[in-house]
Amino acid sequence: MVTEFIFLGLSDSQGLQTFLFMLFFVFYGGIVFGNLLIVITVVSDSHLHSPMYFLLANLSLIDLSLSSVTAPKMITDFFSQRKVISFKGCLVQIFLLHFFGGSEMVILIAMGFDRYIAICKPLHYTTIMCGNACVGIMAVAWGIGFLHSVSQLAFAVHLPFCGPNEVDSFYCDLPRVIKLACTDTYRLDIMVIANSGVLTVCSFVLLIISYTIILMTIQHRPLDKSSKALSTLTAHITVVLLFFGPCVFIYAWPFPIKSLDKFLAVFYSVITPLLNPIIYTLRNKDMKTAIRQLRKWDAHSSVKF
């Protein structure tokens with residue numbers, strides 16, 4: 001019986017691994033700094049105490065958590081002779097990846113719904129997107145994330161692993177792990193696509209439809225009134241594409257390509273959480289103003305101290 005899995009990682013070259021260590025160390029530092037900056041800014045600035053920024057702060061927390069499931073181990077493994085993870089540790093990675101990933105899908109859908117109400121039904125916005133609704137959305141997000149991760153774990157936990165234990169990646173995920181099972185996994189592959197793949201594609205299509213409706217609504221408004229809404233909407237759409245693009249190929253595409261899978265795995269777990277804070281900060285005047293105010297407050301506090 002297999003008690004551990006060996007990651008093949010991103011490269012066998014020692015020189016390249018040193019470069020990758022420095023690169024991803026900087027990237028992960030940027031992920032921690034950028035996402036925590038958004039959370040602290042939203043919490044500390046009363047002007048940002050609105051449903052959109054509440055959801056944005058929670059999205060940043062989930063991005064940070066999702067990246068932290070894989071990035072720290074990947075970084076430390078660059079200097080390890082054997083990149084090993086225990087069987088239980090592998091299952092924990094699968095659970096957490098799908099827990100945070102499923103929760104993020106719900107939050108992205110909620111953010112799309114929030115923009116739809118704000119732009120298409122502005123008179124009903126405060127009634128629909130009230131405080132209780134925001135708390136309810138987060139409860140649903142965590143609940144769906146939990147149910148989704150449990151269903152994913154159920155696919156793998158009872159599989160027999162008695163032969164190869166090399167995972168051609170830098171973290172454990174269900175599509176890669178089930179290929180190592182000592183049994184026919186064709187039906188299981190179909191079930192994984194039916195679960196994660198259908199959930200991903202349906203969520204993505206729903207968001208594309210909602211943002212298309214919003215864009216059509218904005219087109220009929222005067223330019224001066226639509227510019228701010230369009231700027232915010234562009235940031236949302238960019239983040240949706242960055243998150244769902246890799247997910248569709250990883251979980252819904254029936255013909256995986258190993259080299260592409262590794263690139264998409266890096267993009268999904270590192271690049272997207274790194275870019276999201278940059279996108280929301282650069283495309284949002286309120287966020288940029290709040291961050292400047294936070295810096296002034298920090299500088300003023302330092303002088304007083």
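Even glycines carry a Cβ here, placed using N, Cα and C.
Quick look at what Swiss-Prot annotates:
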type	residues	note
DISULFID	CYS90-CYS182	disulfide bond
TOPO_DOM	1-18	topological domain 'Extracellular'
TOPO_DOM	43-50	topological domain 'Cytoplasmic'
TOPO_DOM	73-93	topological domain 'Extracellular'
TOPO_DOM	114-132	topological domain 'Cytoplasmic'
TOPO_DOM	152-188	topological domain 'Extracellular'
TOPO_DOM	213-228	topological domain 'Cytoplasmic'
TOPO_DOM	252-262	topological domain 'Extracellular'
TOPO_DOM	283-305	topological domain 'Cytoplasmic'
TRANSMEM	19-42	transmembrane segment
TRANSMEM	51-72	transmembrane segment
TRANSMEM	94-113	transmembrane segment
TRANSMEM	133-151	transmembrane segment
TRANSMEM	189-212	transmembrane segment
TRANSMEM	229-251	transmembrane segment
TRANSMEM	263-282	transmembrane segment
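The recorded stretches the transmembrane segment (133-151) and the transmembrane segment (51-72) share 3+ CB pairs below 8 A when only pairs 6 or more apart in sequence are counted, and are therefore in contact. Long-range contacts of the topological domain 'Extracellular' (73-93) within its own chain (CB-CB distance under 8 A, at least 6 residues past either end) are made by residues 2-10, 17-18, 20-21, 24-25, 28, 153, 156-157, 161, 167, 170-173, 177. Scored on C-beta pairs under 8 angstroms, the neighbour of the transmembrane segment (229-251) with the top count among 19-42, 94-113, 263-282 is 263-282. Across all of the topological domain 'Cytoplasmic' (43-50), the predicted model scores a mean pLDDT of 89. Nonlocal intrachain contacts for the topological domain 'Extracellular' (152-188), taken as residues 6+ away from its ends with a CB within less than 8 angstroms of a stretch CB, comprise 1-2, 4-10, 69-70, 73-74, 77, 83, 85, 87, 89-91, 93-95, 97-98, 195-196, 250-251, 256, 258, 261-262, 265-266, 269. Mapped onto DSSP classes, the topological domain 'Cytoplasmic' (43-50) shows 5 helix, 0 strand, 3 coil. Within 10 Å of its Cβ, the residue among the disulfide-bonded residues CYS90, CYS182 with the fewest other Cβ atoms is CYS182.
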